[in-house]
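S.K.: Sending over a structure as structure tokens; questions will come in a sec.
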Amino acid sequence: MVNEALQTLGKMDDFGCKPALATINAALEVAVKANLVDEAEKIYQKALSAGLRPDRVTFNNLLLGLGKGGKLEEARMLLEKSAHMLRIPDRIAYTSLISGLCKAGLMDGAQVILDDMKRIGEIPDIVTYSAIMDGFCKRGEIEKSMELFSQLRKMRCVPNVFSYSILIDALCKKGNLEDAYRLFDEMSDNCCIPTIVTYNTLINGLCKANKLKEAWELFQEVTQKGCTPSVETYNILINAYCTSNQLSFAFKLFHKMWRENCRPDTVTFNSIIHGLCKLGRARRGLNLLERMATKGCIPTTVTYNTVLDGFCREADLDGTRRLLLKMDNEGIKKDDVTHNTYLALLLKVGNEEEAFETLQKLLHGGFIPTIVTFNTFLSGISKQKNIMWKDILRIMDLLPAGIFPIDNITMQIVRQSFCTAERFSLACDLLNELSLRGYSPKGAIYSKLINNLCDSRRPELAIAVLISQLERGWVPEPTSFSCPIETLCEENDVMAAFEAFKSLREVQMHPNSQTVVKLMESLQRSGKIEECNEIIQFLKTNTEVDAF
């Protein structure tokens with residue numbers, strides 16, 4: 001796409017067509033975003049050759065491109081030229097470049113330009129420093145941003161609402177509400193009036209920390225201080241109340257929006273519909289969806305999927321089918337979530353054949369299955385009382401081989417539904433088949449399952465999987481040996497841990513030295529001196545333990 005755009009620009013000369021400066025600027029922006037710095041420089045030279053006079057947009061795009069490409073010397077020269085041609089103060093030109101570099105995460109380059117700025121006698125202002133603070137925060141280096149903020153007054157630079165808001169936002173995202181509140185209070189003490197953006201940031205931080213009482217109090221303060229809540233303000237609180245199943249408060253705010261002439265948007269409706277569906281009120285969620293258009297708000301695919309999920313939770317197949325038909329009639333595009341939710345419902349209500357037929361139709365229509373699709377079917381058929389290997393193969397045969405890696409949900413399904421005495425061999429066959437079909441390397445699959453079983457405090461089954469696969473020729477990762485033994489030691493089942501150690505020893509596999517030490521310490525605490533001596537004798541005659 002980028003190359004096509006640049007080629008089109010190049011062909012304009014062939015037709016004797018002189019590009020406008022707006023076209024040059026658009027091409028520059030495309031090249032810089034694609035990190036094609038050399039192309040960006042060529043486009044700039046093309047503008048000069050065509051007799052065009054670059055404007056601030058032209059220079060800003062090219063300066064950013066040079067900075068991203070590490071061409072700081074060229075950027076410096078262009079900076080001087082731009083300040084002269086545009087007759088703008090050097091401070092603004094430098095700040096523009098610094099801001100662009102910070103947005104691109106190029107903090108080292110921004111620091112170099114800042115040093116240049118100081119060297120020529122230009123004093124950075126709060127806009128310059130705010131750009132650098134924002135850059136540090138976006139890289140997760142809040143401490144550096146805080147340190148710079150604390151030095152502002154020493155540099156005779158007074159913080160403004162934007163510099164405060166940058167830090168408050170970063171602290172809230174990190175969960176450090178105490179320091180965020182301290183800065184918020186400091187703003188008032190310094191006669192710096194918070195904007196609605198500042199309030200929204202802090203309210204959102206409180207909601208994410210589940211401090212809804214404090215968030216509501218701060219919301220009330222907004223109006224008391226003469227600041228008008230925005231749609232985003234309402235949305236933050238409404239979503240928090242819906243997430244915590246406090247729908248009465250959510251509806252209270254929803255009605256307040258209409259009274260205050262603050263029109264709810266799609267996000268508002270989606271939050272409330274989600275809250276209704278979570279509580280088993282999908283029908284009411286559908287009613288609200290149907291009212292959205294009359295309120296000037298068009299439902300999206302996300303809105304429909306939310307209600308669809310509600311019907312799935314309630315196993316309402318008729319409601320789901322009517323909703324899917326409505327999506328077709330309204331021209332709403334169905335996505336992966338739509339299809340996977342419907343397939344999950346069919347399996348949930350026992351319509352396995354229809355689920356497979358639906359999947360086949362979707363595949364023929366161009367649907368690309370994801371790991372969610374696979375997990376949906378695997379979970380669905382695992383609930384059968386007498387599951388057979390052919391049932392599992394039927395899923396795999398429908399899905400293209402190796403198009404997605406298995407994830408933790410897959411392993412959870414295998415652990416919960418297949419790792420039983422009756423289905424153990426089926427679990428091993430399933431994992432082997434997944435490996436053969438390229439869904440994940442064999443070692444990675446079994447290592448995940450062993451770790452998953454240990455996390456679920458089922459180390460004895462992890463040992464069984466380990467030994468079973470060793471007999472099939474699998475060479476596991478070192479942690480696969482250590483994890484089950486260490487878990488057994490943590491559960492004070494030291495003799496089981498010792499027997500696991502011996503079983504591994506018999507197949508010429510050994511845990512690492514750290515695990516052996518833990519095992520010996522556990523045996524000593526339990527008074528199992530004879531077993532400790534057996535391990536010591538083994539270590540004296542084997543040097544392979546430390547190999548891992």
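Backbone N, Cα and C atoms are what each Cβ position is placed from, and that goes for glycine too.
Computed from a predicted structure; not experimentally measured.
Residues or ranges marked as repeat 'PPR' by TrEMBL: 90-124, 125-159, 160-194, 195-229, 230-264, 265-299, 300-334, 335-369.
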S.K.: Over the repeat 'PPR' (195-229), work out the mean pLDDT and round it to an integer.
M.R.: 93
S.K.: Which bits of the chain, at least 6 residues beyond where the repeat 'PPR' (160-194) starts or stops, bring a Cβ under 8 A of a Cβ in it?
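M.R.: Distant contacts of the repeat 'PPR' (160-194): 126, 129-130, 133-134, 137, 142, 145-146, 149, 152, 201-202, 204-206, 208-209, 211, 225, 227.
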S.K.: For the repeat 'PPR' (90-124), give the DSSP counts of helix residues, strand residues and coil residues.
M.R.: 27 helix, 0 strand, 8 coil
S.K.: Determine how many residues of the repeat 'PPR' (125-159) DSSP places in helix, in strand and in coil.
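M.R.: Split into helix, strand and coil, the repeat 'PPR' (125-159) gives 26 helix, 0 strand, 9 coil.
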